[in-house]
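K.L.:
Pasting a structure below so you can have a look.
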Amino acid sequence: MSYINFSAIILAAGRGNRMLSDTPKVLYQIGGKFMLQHLIDSVMQVGVSSIYVVHGYKGEMIIKEINTNQYKIPVYWILQHDLTGTGDAVQRVLPFISDDEEVLVLYGDVPFVSYKTLQRLHVIKSQCDISMLTATLPNPKGYGRIVRNQEGSVVSIIEHDDIINDDQKKIKEVSTGIFIAISNHLKCWLSTLTTHKSKNEFYLTDIIQIAHQSGYSIHTMCPDDTFEIMGVNSKSDFVDLDKQYQQRKVQCLLSSGLMIIDPNRFDLRGTLVHGKDVYIDINVIIEGHVSLGNRVKIGASCILKDTIVADDVEIYPFSIIENTTIGFQSKVGPFVRLRPGTELKEKSHVGNFVEIKNTRLGEQSKVKHLSYLGDAEIGNQVNIGAGTIICNYDGMMKHQTIIGDDVFIGADSQLVAPITIGKNVTIGAGTTVTRDVAANETIISRIRQFSILNWKRLKNKK
């Protein structure tokens, strides 16, 4: 459902000085996605008619990295030339929003507020002039405090740096900075803001006191989980938030039947779907979209990215797999690298220290030791000996290799592409193949072994 008179403003212009980084804070990734992208994805489900993102520090980088073409709701980028505070940032957007429109204000470094929480906040707005998201924290350090009068009404927000007495320090209810108000009201309140001397900035939070003193009603609500309002101001904050995100994802996967042997040593940087009786050992990283069939086993320290794995596959430790499809009952690893465009058909076997790129390996085919295969179509029941190399690059272009069914390739062979090897061919160990080979042939190109009589090896004099 989309509301015609309801827009969102996301503030993402700050430098993030405490991050001590050249990368804009909102472009740090959690779970394989930029923090700002997480937030936009959530807001898209709230029902707003448009989203305005205020950018400033390295805004061009932010616009380039954030994918907005995937959304049906328009996302507009608004530049804040001078970084003079959150109050000024919102003022930059309001000329583009009609006076009677409701405005949801959020922060790009608070990425995990849920759409359900925001929908509840929108419902509360129908009962008041400002609906605010607050939280009660055992340790509110760093957050602005909610000040209430004796009747319990919100009268102001005191920023952490402006706390001056013990009573204010004891306040546990904090401001998340997230609220909804009418555009015309915001314009009036913001027009009366003055800068804070300590930072020479306009604080958006000051509008709460202005609104209260003008007789406007302010209601609050808390999220179900304080994880939703966790923000990032430093590298330490980022690590804490990422850890909590991973813990929640792991619990969901465990609840769905996935066996993760050590939840503290598993990293999900995308999405994972899985079948039954799947086992994941320690230090496994999942990136992009990964699909695991039934009874899949993944050994320690593997990385899987954008990969589809069929039933009963075993992936042994230290294998790195990207954009690959692995067939039924195949075995991979240890120490294997499968690069984009690789397809392993059922019951194939790729072993120690093998690299494969843009290659189809047929059913029951094996390449078990120390090989590189690139840009190849390899048939069924092919045995590729240890140390075999497909020479697919001539310095300018990549070339294809085609290998038929039932081929045996001896150890330490080189296949110089472009080349076609027919069915049932046998290639002797140490052979360099430079021309096409017809079906059923046996070839060898190495020199014959011979002895040199009476030859003495030179030795160093001691």
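From the backbone N, Cα and C atoms, a Cβ is placed for every residue, glycine too.
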K.L.:
Which one of Arg446, Arg448 goes with Ala386, Asn392, Tyr393, Ala429 at the acetyl-CoA site, as Swiss-Prot has it?
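P.N.:
According to Swiss-Prot, the candidate sharing the acetyl-CoA site with Ala386, Asn392, Tyr393, Ala429 is Arg446.
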K.L.:
State the count of C-beta atoms found within 10 angstroms of the C-beta of Glu159 (UDP-N-acetyl-alpha-D-glucosamine binding site), not counting that atom itself.
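P.N.:
Cβ-Cβ neighbours of Glu159 (UDP-N-acetyl-alpha-D-glucosamine binding site) within 10 Å number 17.
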K.L.:
Out of the recorded positions listed (Leu11, Gly14, Gly85, Asp109, Glu159, His369), which are within 10 Å of Ala386 (acetyl-CoA binding site), Cα to Cα?
P.N.:
His369
K.L.:
Reduce the DSSP letter at Lys357 (UDP-N-acetyl-alpha-D-glucosamine binding site) to three states and note it down.
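P.N.:
Going by the DSSP assignment, Lys357 (UDP-N-acetyl-alpha-D-glucosamine binding site) falls within a strand, counted as strand.
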K.L.:
So which of the binding-site residues is most packed in, judged by how many other Cβ atoms lie within 10 Å of its Cβ, out of Gly14, Gly108?
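P.N.:
Max Cβ neighbours within 10 Å, all protein chains included: Gly108.
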K.L.:
I'd like to confirm something. Which of the binding-site residues, Asp109, Asn233, Asn392, has a Cα closest to the Cα of Glu159 (UDP-N-acetyl-alpha-D-glucosamine binding site)?
P.N.:
Asn233
K.L.:
Long-range same-chain neighbours of Gly85 (UDP-N-acetyl-alpha-D-glucosamine binding site), Cβ under 8 Å, sequence gap at least 6?
P.N.:
Thr195, His196, Lys199, Glu201, Phe202, Tyr203, Leu204
